[in-house]
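K.L.:
Pulled the feature table from TrEMBL, pasting it below:
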| type | residues | note |
| --- | --- | --- |
| DOMAIN | 45-233 | domain 'Dihydroorotase catalytic' |
| BINDING | His56, His58, Asp150, Asp303 | Zn(2+) 1 binding site |
| BINDING | His58, Leu59, Arg60, Asn90, Asn276, His307 | substrate binding site |
| BINDING | Asp150, His177, His230 | Zn(2+) 2 binding site |
| ACT_SITE | Asp303 | active site |
Amino acid sequence: MSKILIRGAKVLGGEPQDVLIDGEVVEAVGTGLSAEGAEVVEAAGKVLLPGLVDLHTHLREPGREDSETVLTGTRAAASGGYTAVFAMANTFPVADTAGVVEQVYRLGQEHGYCDVQPIGAVTVGLEGKKLAELGAMHESAAGVTVFSDDGKCVDDAVIMRRALEYVKAFGGVVAQHAQEPRLTEGAQMNEGIVSAELGLGGWPAVAEESIIARDVLLAEHVGSRVHICHLSTAGSVEIVRWAKSRGIDVTAEVTPHHLLLTDELVRTYNPVYKVNPPLRTERDVFALREALADGTIDIVATDHAPHPHEDKDCEWAAAAMGMVGLETALSVVQETMVDTGLLTWAGVAERMSFKPAEIGRAKGHGRPVSAGEPANLTLVDTAYRGSVDPAGFASRSRNTPYEGRELPGRVTHTWLRGKATLVDGKLT
Ligand SMILES: [Zn+2]
C-alpha cells in the first residue's frame, strides 16, 4: 500500500503537524513523523481540511450532458477540494426512481474523482403532485437519504407534509427549494429598488420566507427534519433562528454567491448574475454572513448549476438561471468569512465538511483528521491570490460570476480515500 506524508500542514488551521496516509486511511497525525517509505508532500504554511462535502450540486447527467456530466462535475469537485457531492434530482429523466439514482451513484464510483450521493425527487417528475418512490430510492444501492424537488418548490402543503412523514421512518430529510410559485411568476430578479429602476419583474423576499415559515411549522407538527436550500434573505435567517430556538429540527444552507454578490450587479444586464434565488441586497448579504458565523445557517452549499454557453449568452429575460460554483466556493468563503474574521478554518471545516456530511449522512466523509479515519482530505494554499480564469475550469460549463475577479486561496491537493485526485492544482 502507498504511504503519503503531508508535512507541516496547519490541520484545520491549527499548529503545523504531519499527517501520514497509509492506503485509504489516516495512519497518524503528529509532529516529526517518519517519512520512511512515504511520498512526501511539503505543506508548510498550507491549511489541511477534511474533504469538502457539497449538499447541493447539479451534475446534469442524465439528459443535459452538454452542460455537465458526472465525470466533468466530479473533476470540478475534486479541483475545488470536494470529496463528496450530493447530486440534485432535476435531470432528464428526473431522479425519481431507484433506477436513475443507482445510475448516477455508479457513475460517480466508476470515475473515482469524488463520491456522488444522488438526491431523490420528492415528487414524480418534479411535478409536485404525487410522491415519488422515496422508500425504493432509500433502499436502492444509492441509499438515498436526501430528497428534493430543487429547481422547483414543493408548494403543496399536503404533499410536503406527507414527504416529511415518509422520510421520518428512515431518518431521511427533505431539502426544500423555498419559492412560492404564484408570488414569483415572471420574476427576473430580487424585488426592490434595483428591479423598480430596471423595470424587471421582482422576486419578493416574502416568496422565500413564507414557504420557510410554513415548512418549519410542518416539520414541527410531524416531528420530522427539514433542510432549507440556499437561504437568500435576512428575513429567512430570522425565521430559521426562531425555529431553532423552538427546537424545530431544521438545517439551512447558503451559497457562496449569496455571501458575496448583490442585486446591484443586475444593472450590467449580464445574465451571468441571473440565479435562483436571485442575488439580494447588501443588507441580506451581511445577515447571511452573520447567520453562517453564529450557526443559524449550518452549511455552505454551492448550488453548482452549469449551463452551456447558448443558455447564458443571451438577453437577460431569456437566460437560464444559475452559476457554476464548485471550483470557486472555498475561495469565496475565505474572502467573505475567513479574511473578514467571521470564521476560523475550523469553522469552515464544520460548515463545508462535518455538518453537510452529517445532514446528508455521507458515510466516511466529514470525519476528523485523525488516525483511523478515511483519508478524505484537501490541502489549501490560503496565501495565494489570483484572478479567476474560467478557461481553466474542469467543469464543462463556464458560467461563473467571478471571471477576472481576484479571490484568495487555492486548493492544491485533494485525496479521496488516500488516492490523490488533485496534485499541485492539477487533476490526476
Ligand atoms: Zn434551488
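Heads up, the Cβ atoms here are built off N, Cα and C, so glycines get one too.
Walk me through where these features lie, including what they touch and how far apart they are.
P.N.:
Every protein chain shown contributes to the tally, and the Cβ of Asp303 (Zn(2+) 1 binding site) ends up with 28 other Cβ atoms within 10 Å.
Proximity of His58 (Zn(2+) 1 binding site) to non-local residues of its own chain (separation of 6 or more, Cβ distance below 8 Å) is seen for Glu68, Gly73, Ala87, Met88, Asn90, Asp303, His304, Ala305, Pro306, Gly322, given in sequence order. Mapped onto three states, the DSSP output places His58 (Zn(2+) 1 binding site) in coil.
Under 8 Å, Cβ to Cβ, and six or more positions away along its own chain, Asp150 (Zn(2+) 1 binding site) finds His56, Met88, Ala89, Asn90, Ile119, Ala175, His177, Cys229.
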K.L.:
List every residue in the same chain as His230 (Zn(2+) 2 binding site), at least 6 positions away in sequence, whose Cβ is under 8 Å from its Cβ.
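P.N.:
His230 (Zn(2+) 2 binding site) has long-range Cβ partners His56, His177, Glu253, Val254, Thr255, His258, Pro277, Ala301, Asp303.
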K.L.:
Could you tell me which of the binding-site residues His56, His58, Leu59, Arg60, Asn90 have their C-beta within a distance under 6 angstroms of some atom of ligand 1?
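P.N.:
Listed by sequence, the hits amount to none.
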